[in-house]
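Colleague: This structure is in structure tokens; I'll ask about it shortly.
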């Protein structure tokens, strides 16, 4: 990133140096004053304008004298035999731009004895430019626009004697603007580079985090799939309670249980079709009935954001793994389905025997059903023989 920034800065600097003209930074304006006699009004006319630019190689001096033009129809003064209408010093040569370089024009005026050379721009180009004329530094040389030059030319051709005074004008402050432009360019580059760097850094961080999350999700999904496959399976047979007239249906696919159906027994003792509950657990991780966090009980901590709901699972001291399930109301069908699911694991014969067993939890204080949701603790079959006794009245009430 640092090398790219240095390359951009170098390219910007090169482009700036190429587009920068040093003559413009050192340009000095020329103040031009004209005096001529107007025979129609019988008055001497004075005109003044700061409409010229000193040549880059011109001495920054003042000059004055009568204005002379080439005697030929070609006013570009590129011919070595060019003569001017004025020869008595001091005088100033007025020459049109074109056909040869500025150095040749100024040298021609110098050989003819002019104290200064005024070159006006070509037709259609009104603004004066800074001239480069190496080798012609002896006399003052300025450039004026085409309109002003043609105006002076027509007055001379009409027979007027035009006197010109050239004075040094204001120096242009373009050299100061160089540093301003450079400062703005560098500042813009720094801001752009910082913005680009922040954007690249932010994008890279997001990409790294996304990839890490994706890897972690794949790893957890593989662990969850392995843990689900290790849970108990049960195949229904003829005569099982689930296949009878009062049998339950799978809450995932809503189909009645049939003989030879392969059932998955969850840690909360609810049973479902294996083909239905396995994808459900991979997606949600909880029991469809009691919302018990099955994967958490199995030791797989899935990302919370990928779950629609999550319920904490805790272990009971001195006993096997216990899952705590919060019910909205004990009077609805959810508790009945939980009881029937547990009975289906035990089998019809074991449920009938265990229904006659005395309850070991008769001294447990009653739960206020109206003020708070109830908590049903589901234990494994071998750890809590009194569980069936507690649940039997619920099953019988449903029947």
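Cβ from N, Cα, C; glycine included.
Pulled these from TrEMBL:
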COMPBIAS  353-383  compositional bias 'Polar residues'
DOMAIN    250-291  domain 'RING-type'
REGION    334-399  region 'Disordered'
SIGNAL    1-25  signal peptide
TRANSMEM  178-202  transmembrane segment
Colleague: Helix, strand, coil: count each for the residues of the domain 'RING-type' (250-291), based on DSSP.
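Modeller: Each residue of the domain 'RING-type' (250-291) counted once, the result is 10 helix, 9 strand, 23 coil.
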Colleague: Please give the average pLDDT for the domain 'RING-type' (250-291) in this predicted model.
Modeller: 85
